[in-house]
Amino acid sequence: MPLISIRNITKKYHTFNSDWDRFIEAITSGKVKRRQEHWILKGISLEAEAGESIGIIGYNGAGKSTLLKIVLGVSTPDTGTVSINGRVAGLLELGVGFHPEFTGRENAVISCQLLGLDPAEIPPLVEEIKAFSELHEYFDEPMRTYSTGMAMRLAFSASTVVRPEILVVDEALSVGDAYFQHKSMARIRRFREAGTTLFLVSHDPTAIKSLCDRAVILEDGVMIRDGRPDEVLDYYQAMVNRRKKDEEIRQFQGDGVLVTRSGDARMQIASIEVLDMEGRPGRVFKTGETARIRQTIICNDPSVRPNVGILIRDRLGNHVYGTNTNLKKIVIDDEFQVGSRFHVDFDVQLLLGGGTYNVTVAVVDDALHSSHLDWIDQAIVFQVMPESIPDFAGLTPLRTSISYSPGAAPGADVEEAAVAEVHA
Amino acid sequence: MNAVITKVPFAEPLWRYRAFIWSAATREMRLQSMNSVLGWLWPVLNAAALILLYMTLFVEVLKSKLPGSDDSMSYAIYLCVGIINWTYFSNTILRSLNIFGENAMLLKKAGFPKITLPIVVIVSQGVQFAIMLGVFAALLIFTGRIPGWSLLGMIPLLIIQQTIAISLGVLLGTLNVFFRDVGQAAGIILTFWFWLTPIVYPMSILSPNVAAFVTTWNPMTRIMIGYHDIALNNVMPNLADFAGHAVLAIVLSAVAYLCFKRLYSAVQDYL
C-alpha cells in the first residue's frame, strides 16, 4: 500500500461578497452557491511509497503550496481523496507556536509536546534540539533576544527532532547561514535514507536532482509532468526558456514596460538581434563602437514591397536616431515566396553618451502609405558604456576640436561689446 | 488506561497531548509570573483580595444577611459561591470565542488534534477556578463553615455547567469566525444572563412569576441553587432535578461538534 495516495483532488479558492454568503454556503454544504471561484488544483493524482522523494516544481501560483498544505492536512480538498499513513511534518512555516517571552528551551519543550510525544520522552529530545541548533547558552534566553537566524535554527531543530514518516519541505526556506544549511540538508538526507517520504518544493534544479528520485511539474493546477528528475528538469528548463524568450519579445527588459506590437503581419519580424562587429550577440558597447542591429523578416505575402526601419530612443523616450531602408535608398524587391526569410542589418556607430537605449523595429508597406506590417516598440535594449574617462558630457559626442592661442582673436572687440550690452 | 482510551471518544488524542494541554493552559499564568518576585502567588493573592473584599463589605460594612438567616456571613458566602462558579462558566464561553483566531498557527500544524483546544480553555479557566475555590474553602474552614460530604455534589453540577459552557463556546467561536458580531453580542448576552441568574440576589426576593420564568428558561438557575444548597445548607443536590440539564448539555455538545465539523474546512480557508 502506498504511504500517500492522492486521487484526483481539486481545490478552489472562493471569494465571497460578504461573510453572510460564506456562511450560507458553508452551512448548506455548498448546496446554495454564493461564491466566485478560482481553481487552484484541477485534478491532481499522486502516489508515493515509503522512502520515495518527490520534487515539486512549477511557477509561482501553479498550486504547489496548496498541494503541500493538503498533504500536511491543514487544508481540505474540495473533491477527491487523500489517504496518508504516517506522521507528517512540514517545514513550511517555521516557528509555529513559538512565544518570544519563553526561552529557547521552553519553546523546544512546547514544540515536542505539540508532536504528541510522551512526557518522559521529551527531556532527551530537548537536549538533542539544543545540540543541533548550536544555540549554546542562548538556549536558556528568551526567544525575543534571538536573531532571525538563531530563531530559524531553533525552529528547524525542533520540528525535525523526531523523524517523520512524511516530510514536506519548502526550499524557499533557507535556514540560517551556509553552514547550518548544509547541516539541515544533511539531516533531511538522513531522514530520506531512513525511509522518510520527502516532498520538496524548489526552484533549484541541483537540490531536486540531488535529493529526489522523482519530480513533477505543476502548471496552472495541473500536473503536466511526472518522471525522473533529470528528464523533468530538462522539460522545465525548456518551459522556462520559452517563457523567457516570450518575455524578451513582449517586454522591455528591466523596466517591465509592456511592449506594443502592431501590424497586419503580411510580413513579420521573426527575430531582432544586436551583434558586435565579430557577429556575436552583445548588449553592451563602448561609445564610438559599431553595433549591428539585425532584423530577420518572414514574408507572408509576396506582393508586399517592404520598408524596414529602426528607431533608437534613450531611456527617457527621446528619439535619438531613426532611419529606414527607404530613406537610405535600399530597395528590397526580390521575388519572395510565402515563408521566405530575409534579414536587414543596420550597422550603427554608437556616437552616444553612457546609458541604456532601446530599439524600435518596424517593417512597413512602402506602397500603401507606410501601413504597418509589423511594428515592435522597444523591442530590444542595449547599453552604452562611456570610456572610463569620457572626454565629453551629454547625449552624443559631437565632432568637436578645440584650439588654444594666447591673446585676443580677431573680431574679439565685437564680442566684448555684446557682452557689455547684456551686463548693462 | 488503554482500554479506557480506545472506548471514550477523543480520549486517545487528549491523553497523548496531555502535556501540551497543561502547558498551553498554564501559558498565560507562566508568562505573568515571569520576572516577578511573587510569581505564582499573584493569582492566589488576587483571589484572596477579592474574597476578603466581599467579606468585609457585606459582613462588616453593610451587614447583609440572607432573608431568614441569622448567620452574619450568609450573604457573603452566597455571593462568593455564585460569583466563583459563574466566572468559570462565563469565562469559558468568552475565551472560546476567539479559539480559532488565537490558535491559527497551531491549526496550521500537521497532525495537531483540534479537540485539544476547547479542553485547553476548560483547563486554563479551571486552574483559575480552583485557585478561587481553594482560597474560599480555606476561609470557610477558618470560620468553621465548611460544608461536609455534600461538597462532592459540586462535581456533577460542574460537569454539566462546563459541558454547556464549552459547547456554547465552540458553537459561538465557530460562528464568530464568519461574523465578528457573534463575539460582541455574546458579551452583552452574558451580562443579562448573569442578572437573570440568582447570584447577587436570593430567589426569595423575586415575584413568583419571575422566579418561575427564571427557573424554567435559565438552566443556570437550578445549578446555582444547587451550589448554594451545598455551601449554605450542606444539602446534596438531587441529581434527578438535573436530568433535563444533562440532556441539554449532550444536545448542545452534539450541535457544537456537528457545526464545527461542517464548517471547519471553511474556517481553515479563512484563517
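Note: Cβ is positioned from N, Cα and C throughout, glycine not excepted.
The transmembrane segment annotation in TrEMBL covers B:37-55 (among others).
The domain 'ABC transmembrane type-2' annotation in TrEMBL covers B:38-263.
Within the same chain, residues 51, 54-55, 57-59, 64-66, 69, 121-122, 125-126, 128-129, 132-133, 136, 140, 145, 158, 161-162, 164-166, 168-169, 172, 186-187, 190, 193-194, 197-200, 202, 220, 223-224, 227-228, 231-232 sit at least 6 positions outside the transmembrane segment (B:75-94) and bring their C-beta atoms closer than 8 Å to a C-beta of that stretch. Sequence annotations record features per position, and here TrEMBL assigns transmembrane segment to B:75-94 (among others).
Residues or ranges marked as transmembrane segment in TrEMBL: B:115-142 (among others).
Annotated transmembrane segment per TrEMBL: B:154-175 (among others), in sequence order.
Beyond the ends of the transmembrane segment (B:242-260), by six or more residues, the same chain brings 156-157, 160, 163-164, 166-168, 170-171, 174-175, 219, 222-223, 226 to within a C-beta distance below 8 angstroms of the stretch. Marked as transmembrane segment by TrEMBL: B:242-260 (among others).
Away from its own ends, the transmembrane segment (B:154-175) comes close to residues 85, 88-90, 92-100, 118, 121-122, 126, 182-183, 186, 219-220, 223, 226-227, 230, 237, 239, 242, 245-246, 248-250, 252-253, 255-257, 259-260, 263-264, 267 of its chain (Cβ-Cβ under 8 Å, at least six residues beyond either end).
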